[in-house]
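*Asks:* Structure provided below as structure tokens; questions to follow.
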Ligand code: SF4
């Protein structure tokens with residue numbers, strides 16, 4: 001980070017004062033400082049386990065509506081039978097795929113998508129995971145959000161900021177995104193008259209704000225760090241503010 005802890009907090013609080021008193025525009029510098037601080041505690045890489053691009057596409061597809069921890073448990077059993085070969089998945093009986101991935105939820109739809117994805121990889125891309133959003137979203141089960149994860153992880157390309165449930169909640173708590181710009185009506189209060197976050201805020205609007213506020217060089221790393229903070233300390237209900245590395249500078253920290 002290049003500056004001591006006291007200097008860091010001083011700089012950040014100065015930025016927050018500027019943000020809250022002089023300007024409503026969140027400052028990109030705040031984000032860089034937050035990322036620097038999070039890096040001292042968390043690994044800024046993806047939590048999903050994989051060893052090949054093909055395995056990453058499978059893991060990302062399975063992670064819809066499922067925790068990364070559960071996906072990793074499932075793929076630990078599933079990947080060895082595929083041997084990294086899209087042909088093995090393309091030819092596997094659908095019931096067998098369902099059996100392997102059942103615990104990730106929505107397993108019937110996911111199994112069908114995985115098989116269609118493997119067949120498309122073979123037929124349209126010679127078995128190689130493509131390196132553009134335009135081509136990735138042609139694969140069954142890969143939407144723009146998954147495409148962003150894959151592009152960032154495999155090709156170090158950034159076409160957006162991935163907004164999952166943790167990023168959605170924590171970017172609001174830290175007031176990185178302006179709450180008046182992100183839609184939603186379900187306001188969650190942590191004390192009477194003290195707004196915590198907006199539960200049904202729009203992920204698309206949050207992503208648009210983050211693409212404006214977060215420096216592009218951090219678009220891949222930033223969500224990975226927030227996901228890890230969200231699992232470790234900044235959980236949805238009763239966050240563990242006393243042990244949170246961002247506690248000294250969080251506008252909605254609980255009394256400790
Ligand atoms: S201080 Fe509490 S609310 Fe703020 S980021 Fe940390 S855990 Fe979340």
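Just so it is clear, glycine is given a Cβ too, placed from its N, Cα and C backbone atoms.
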*Asks:* What does TrEMBL list, out of 66, 234, as binding the same [4Fe-4S] cluster as 241, 244, 250?
*Replies:* 234
*Asks:* Return one of helix, strand or coil for residue 244 ([4Fe-4S] cluster binding site), based on DSSP.
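*Replies:* DSSP call for residue 244 ([4Fe-4S] cluster binding site): coil, neither helix nor strand.
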*Asks:* Provide the number of Cβ atoms within 10 Å of the Cβ of residue 234 ([4Fe-4S] cluster binding site), excluding the reference atom itself.
*Replies:* 24
*Asks:* Around residue 250 ([4Fe-4S] cluster binding site), which residues of its chain at least 6 apart sit with Cβ under 8 Å of its Cβ?
*Replies:* 173, 174, 241, 244
